[in-house]
Amino acid sequence: MQRRIMGIETEFGVTCTFHGHRRLSPDEVARYLFRRVVSWGRSSNVFLRNGARLYLDVGSHPEYATAECDNLIQLVNHDRAGERVLEELLIDAEQRLAEEGIGGDIYLFKNNTDSAGNSYGCHENFLVARAGEFSRISDVLLPFLVTRQLICGAGKVLQTPKAATFCLSQRAEHIWEGVSSATTRSRPIINTRDEPHADAEKYRRLHVIVGDSNMSESTTMLKVGTAALVLEMIEAGVSFRDFALDNPIRAIREVSHDVTGRRPVRLAGGRQASALDIQREYHARAVEHLQNREPDPQVTQVVELWGRMLDAVETQDFAKVDTEIDWVIKRKLFQRYQDRHGFELADPKIAQLDLAYHDIKRGRGVFDVLQRKGLVKRITEDETIEAAVDTPPQTTRAKLRGEFITAAQEAGRDFTVDWVHLKLNDQAQRTVLCKDPFRSVDERVERLIASM
């Protein structure tokens, strides 16, 4: 499947600092954030005009699920648009706090852990064909996903009883299973719950919940692009060396703690391989695969950055990727800060900087400051991100959903939508079932809109 439906779900961390007045619980802060949403959507679980879903998840975490996208740049734009949507809620909530005399600064973090040790996720979704062995997909994908943090982790300072250490991944310490149908209880690498949000006879949805939330556009593109390409190769019958891991959960932590990528992890049958070895194998197969597939500049860009990052890890010279990969950008930032101020990695100021990197408020968040200074590479533009806040992808089912929502809201009509249903809540209860996520034109939807 060379044209694939993809999406990213991001849970955001929330905190609020108060100006000497009464403190609010995380639940209360979340309610302030979503008050405007509830006022027009009558719920804290809504679909937006750009086709995305916005809702309050377990533990008072705002979650933004992008609309269905069918290319990587489009997906990065819509992922970044989610930050803008949440930033608008943040600004609105701060104004409400001020009006009510509470006063405080709300922070939304696009990260995966808080100071209390809780974890919240960034989930990738890929449409796959129902035909074929799902077990083969998970078998081949698992070693890739365990070691993928080497090329696209968000980076984190982990405080241990012995000392502070820099890790590749924020999520690695919180994953407890390889493949499972649960998401919160056991936190698997791949979630197998069968909810295709499409024609179940043709498709299923691969739900990857091991990834970090990325600030860098290049890292997001690399994270999703490499996974999509490995999926494509599995479907095309490409053979890979057997890297079945003896203990994926131990391996994911070992990989996260080793920025050299050279620490051996134990494979099934007693063999060993490093994260760098495993990623090199997948990358080599990808380079070969590109010779036999239709040219795609975005995929070529992904494979080029993948190779460049592996070279950087191998030589430990990160100069060629230090504006593109989150954990590399972050580590360089920490090292400069330590050199300037003489701090140890365990210093609370470093932990503060770690958190501030993920602050999504423009002008305040550290990543945004780096971006404004030209110290991180862009692959999108502000204009296309702003457009994605209100406009759905024009090449997928999201276009139908977005147009329906816009028309219903402008006509003042009561409606209900989810990923596959568009329903007018009138006497006739007219509903259109959109089971094909690739389809962006549908006469049934056009008739429903025309009838408003």
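Using the three backbone atoms N, Cα and C, a Cβ is placed for every residue, glycine included.
Annotation comment: Swiss-Prot describes Glu9, Tyr55, Glu63 as Mg(2+) binding site. Summarising the annotation, Swiss-Prot assigns ATP binding site to Arg53, Thr66, Trp419. The active site, proton acceptor annotation in Swiss-Prot covers Asp57 and is backed by sequence analysis.
Annotated features, which come from Swiss-Prot, shown on the structure.
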residue : record                       : Cβ contacts under 8 Å, 6 or more apart
Glu9    : Mg(2+) binding site          : Glu63, Tyr64, Ala65, Thr66, Gly121, Cys122, His123, Asn125
Arg53   : ATP binding site             : Asn45, Val46, Phe47, Glu63, Tyr64, Ala65, Trp419
Tyr55   : Mg(2+) binding site          : Ser44, Asn45, Val46, Pro62, Glu63, Ala65
Asp57   : active site, proton acceptor : Glu11, Glu63, Tyr120
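DSSP classifies Thr66 (ATP binding site) as coil under the three-state reduction.
Those residues of the chain, other than Glu9, Tyr55, Glu63, with a C-beta within 8 angstroms of the mean position of the Mg(2+) site C-beta atoms are Thr10, Glu11, Arg53, Leu54, Asp57, Pro62, Tyr64, Ala65. Every protein chain shown contributes to the tally, and the Cβ of Glu63 (Mg(2+) binding site) ends up with 21 other Cβ atoms within 10 Å.
Listed binding-site residues: Thr66, Trp419; maximum Cβ neighbour count within 10 Å falls on Thr66.
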